[in-house]
């Protein structure tokens, strides 16, 4: 019984340390993110309804002020182009995004990228600093780069979440 309690305690400590050790990238070269990205999969909180990660990214652009502009393609009856402004923050890999339909602000953090193949990002509620959704994007469809890194990030989510794999036939093509 003592061994079981010790094992559970040590496992909990390791899990807490793993959660605290995954942060956004220390440095980010925004210019290398420019271009299209295809969503591969997403993990999001059960109650999280914002569709930002449900879309392919047609274009990432840098504004003269150093912010990012995302042009995404949303699948409705047809493909609709939408633009989002991501305002830079003090941290190079974190951007603030306001979503008018939700009347809420979120922090979009670039967790990991190799710039050429994949990018992993997470949305956090600005008020609660809790990850609400994380997504895995690739430059080319079906490359499967960054899968292990994405799984590590998903394991740090502290809330119940749903995994959603992209159905490329149902998504707008970039």
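Note that the numbers count up from 1, one per residue, in the order the chain is shown.
Using N, Cα and C of the backbone, Cβ positions are placed for all residues, glycine too.
Long-range Cβ contacts of residue 172 (disulfide bond) within its own chain (separation 6+, distance under 8 Å): 55, 56, 73, 74, 75, 79. Under the heading disulfide bond, Swiss-Prot lists 79-172 (among others).
With a cut-off of 8 Å between CB atoms and residues at least 6 apart in sequence, the same chain places 24, 108, 109, 111, 131, 133, 134, 135, 153 near residue 122 (disulfide bond), listed in sequence order. What Swiss-Prot lists as disulfide bond is 122-134 (among others).
Sequence annotations record features per position, and here Swiss-Prot assigns signal peptide to 1-18 based on similarity to another entry.
Neighbour counts were taken as the number of other C-beta atoms within 10 angstroms of each residue's C-beta; across the disulfide-bonded residues 79, 134, the minimum falls on 79.
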